[in-house]
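Engineer: Below are the features listed in TrEMBL for this protein:
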BINDING   A:Cys98, A:Cys101, A:Cys138, A:Cys141  Zn(2+) binding site
BINDING   A:His130  Fe cation binding site
There are 2 protein chains.
Amino acid sequence: MQTHKKSISEITSSLRDKGMKMTQQRRVILDVLRSTKQHPSAEWIYNQVRKIIPNVSLGTVYRNLNTLQQEGLVLEMNYGKGQSRYDGTVEPHYHVRCIQCGRIDDVEFDTYDHLHDQVESRTGFSISEHRLEFSGICPDCTKSV
Amino acid sequence: MQTHKKSISEITSSLRDKGMKMTQQRRVILDVLRSTKQHPSAEWIYNQVRKIIPNVSLGTVYRNLNTLQQEGLVLEMNYGKGQSRYDGTVEPHYHVRCIQCGRIDDVEFDTYDHLHDQVESRTGFSISEHRLEFSGICPDCTKSV
DNA sequence: CTACGTGCAAACTTTTTGCTCATGG
DNA sequence: CCATGAGCAAAAAGTTTGCACGTAG
């Protein structure tokens with residue numbers, strides 16, 4: 001794991017090439033998300049960003065998370081009916097989620113990209129990615145039962 | 001695949017053992033979901049059920065899908081921010097999803113349950129299940145580009 | 001009979017959007 | 001400068017829930 005992440009200035013210029021701006025809000029949202037090992041919700045990110053830009057709006061957080069996702073800089077994950085969770089690590093990796101407290105950790109694992117060919121020939125789909133997610137009870141929740 | 005599904009009467013009596021009733025609505029919702037190879041949304045199920053029970057309510061569909069899910073008779077899947085999708089096949093299997101039209105097919109594949117031990121020792125979680133989902137473009141959408 | 005389930009509509013949660021103003025490049 | 005983005009608040013989308021009535025067992 002621990003692959004090389006694009007620097008903010010690299011990102012800034014690739015955004016500029018598409019006529020997009022690196023605003024203060026966008027930069028801080030990305031910074032916040034990249035600097036946590038949690039896989040937070042939009043609201044958690046919003047609260048962190050507010051510590052730096054007190055009058056940022058939740059709408060801005062959502063708009064930017066969507067933009068960043070389209071640019072391939074952020075991943076969105078949905079579980080159950082609650083809030084989406086976001087991940088600032090876009091390099092392929094897998095997740096394990098606690099069905100009790102919602103905690104999501106990364107799993108250090110070789111990825112199974114070679115399965116794409118098998119899936120393509122069996123389904124006729126042209127596969128671009130896959131997600132593998134384990135669920136169970138985390139160590140903390142195991143203790144506290 | 002094509003594993004044995006519990007019959008409605010088996011389900012009825014196992015529900016009864018828990019003090020739950022097999023209502024007409026519950027039975028039809030389960031029938032509709034089990035008899036499609038699609039992986040439909042609650043609203044699609046609702047519309048199908050209405051053909052048989054015209055005044056069924058969407059709330060009832062949701063309530064029953066949640067109940068059936070808790071009983072392990074139905075799976076719920078979330079993708080992006082739209083509606084949840086439901087699956088009447090609870091035997092372990094994987095999915096492939098079209099990022100263009102939203103179609104979801106099953107993938108015939110041996111399952112990777114042996115990974116659970118590896119994940120447990122690496123993360124300390126106690127794993128109960130995993131999901132593997134491929135995404136890409138389906139044959140129909142490939143044609144129509 | 002009677003507890004569990006339903007229909008209906010209102011409420012709730014999460015996310016998106018229209019509009020006007022601000023700002024990065 | 002001026003097109004892209006932000007802030008605000010209202011709306012949309014999806015799901016849940018309270019209540020009075022219905023029905024499976």
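Note: Cβ is positioned from N, Cα and C throughout, glycine not excepted.
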Engineer: Sequence order please: the binding-site residues A:Cys101, A:His130, A:Cys141 that have their Cβ under 8 Å from a chain B Cβ, otherwise just none.
Structural biologist: A:His130
Engineer: Counting across all protein chains present, how many other Cβ atoms fall within 10 Å of the Cβ of A:Cys141 (Zn(2+) binding site)?
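Structural biologist: By my count, 17.
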Engineer: Within its own chain, what residues at least 6 apart in sequence put their Cβ under 8 Å from the Cβ of A:Cys98 (Zn(2+) binding site), listed in sequence order?
Structural biologist: A:Ile104, A:Ser135, A:Gly136, A:Ile137, A:Cys138, A:Cys141
Engineer: Among the binding-site residues listed here, A:Cys101, A:Cys138, whose Cβ has the fewest other Cβ atoms inside 10 Å?
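Structural biologist: Each of the binding-site residues A:Cys101, A:Cys138 was scored by Cβ atoms within 10 Å; lowest is A:Cys101.
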Engineer: How big is the Cα-to-Cα gap, in Å, between the residue listed as 'Fe cation binding site' and A:Cys101 (Zn(2+) binding site)?
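Structural biologist: That separation, Cα to Cα, works out to 25 Å.
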Engineer: When DSSP states are folded down to helix, strand and coil, where does A:Cys98 (Zn(2+) binding site) land?
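Structural biologist: In three-state terms, A:Cys98 (Zn(2+) binding site) counts as strand.
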Engineer: Starting from the Cβ of A:His130 (Fe cation binding site), draw a 10 Å sphere and report how many other Cβ atoms land inside it.
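Structural biologist: Other Cβ atoms within 10 Å of A:His130 (Fe cation binding site): 21.
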